[in-house]
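Asker: This is the structure I have questions about; it appears just below.
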Amino acid sequence: MWRGGATAASAARALRSRLIPDTSHHPATALAPIASPRSFSSSSSSSAPTIAAAVPAVAEATAAAAAVSRQAGSVSDALRHYGRCYFELSKARLSALVVATSGAGYVLGSGNMVDIAGLCCTCAGTMMVAASANTLNQVFEIKNDAKMKRTMRRPLPSGRISPAHAAMWATSVGVAGTALLAWKANGLAAGLAASNLILYAFVYTPLKQIHPVNTWVGAVVGAIPPLLGWAAASSELSLNAMILPAALYYWQIPHFMALAYLCRNDYLAGGYRMFSFADPTGKRTAWVSLRNCLYMLPLGFFAYNWGLTSEWFSLEASLLTLGLTIGALSFVLEPTPKTARRMFYGSLLYLPAFMAGLLLHRLPNEQKEHNVTQTSEITGILYGAEQQDEERARQKREDRKPSRIHSRPPVAYASVAPFPFLPVPIYVSTQGHEL
């Protein structure tokens, strides 16, 4: 009984100590005196004007922050929107393929050493010119693209960007790319770029709605970028510079014939006149593809014979072309969408493999090396002649000076005695008399 009462008392004390802390042991927790209602009302009335004045300032800051956030969001959205439109107008993936062929031509046209800075400038200029040509192509074909399922979602038919804006973008990047090639490469490369832009935008594009020969004109357009790269590297064009352009020209025919056969209904709806329209069975389209594949068979041998690559490339190129030819032959034997699609995908694999083999087995451009050596020799001769002229001029200036004999002041072997016990310095005059 006593033990139970003691336990209850200790529990009560513990509860009271928790609710009312001991100020002797915890002075920081001591209860402060309660303020009177009068003092509370006076303090609240004095702080009311301060709070009332702070509310508008907070509201203004919040509104300004919201406006800045909205403006930043709108700028970000605009940049994202136009960046996407420029990307689609430029046909960036197709332009990247053009840049790859131009870069390959630059490497093939170089000597033992490849100028990386020149290569980058050539690729950048080619990319800008290709983007300009592709944009102008879409500016001229807005109505046609709007009728085709494959192209109706492009920026111009869908109304995401105005034709004037697209034309301004095309003009800006075209001029900038041509100027960059003229500045960092040479006039020949810039001229090839400008002529290719004109040929694509103002000849090939309208010809697509007039005659099926547009396919062959487009093949010429695709064959010029490797020549551009070669010209940028070597400042000239030679016979062995034609290997990669010839491969691109003949490769584009079966590649595009397969595409035109697969998309002939879409092209017909868009108002384009393709070779496959007059060939309902697909036989003539398949034969054209096979014929151009056969034209590519000797290109590997020519590359080796003309000193562009080693003999291994001749074998590799023949095997690659033979595979593409088999695909075209299957399209001839059975002109169906299945065989056309197979040849189309085979052409997509052929081109990068062909260019990789060219770059892997390439030999330095002998004409480029000869030009570099000749330029170095001429520079050395001119430098030597300049040195001789300077030496003769210096000798003449020396001869024109009057020969005067000046008596130099006495020269001391020592200005002061380094130690007190050494003798006084001895001076000798220029005439050899001791003083």
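Our numbering is plain: 1 for the first residue shown, then up by one each step along the chain.
A Cβ is built for glycine as well, from the same backbone N, Cα and C atoms used for every other residue.
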Asker: Match it up for me: which of 114-133, 214-233 does TrEMBL list as transmembrane segment?
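Answerer: Range annotated as transmembrane segment by TrEMBL: 214-233.
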Asker: Any contact between the transmembrane segment (214-233) and the transmembrane segment (188-207), i.e. 3 or more CB pairs below 8 Å with pairs at least 6 residues apart?
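Answerer: Yes, the stretches contact each other.
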Asker: Test of understanding: applying the rule of at least three C-beta pairs under 8 Å (pairs 6 or more apart in sequence), is the transmembrane segment (188-207) touching the transmembrane segment (284-306)?
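Answerer: These two segments do not touch.
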Asker: Same-chain Cβ contacts of the transmembrane segment (188-207) under 8 Å, 6 or more residues past its ends?
Answerer: 122, 125-126, 129, 132-133, 136-137, 140-141, 174, 177-179, 181-182, 213-214, 217-218, 220-221, 224-225, 227-229, 231-232, 235-237
Asker: With a Cβ cut-off under 8 Å, give me the same-chain residues at least six positions beyond the ends of the transmembrane segment (161-182) that come close to it.
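Answerer: Contacts with the transmembrane segment (161-182): 82, 85-86, 89-90, 121-122, 124-129, 131-133, 135-136, 138-139, 142, 155, 189-190, 193-194, 197, 228, 232.
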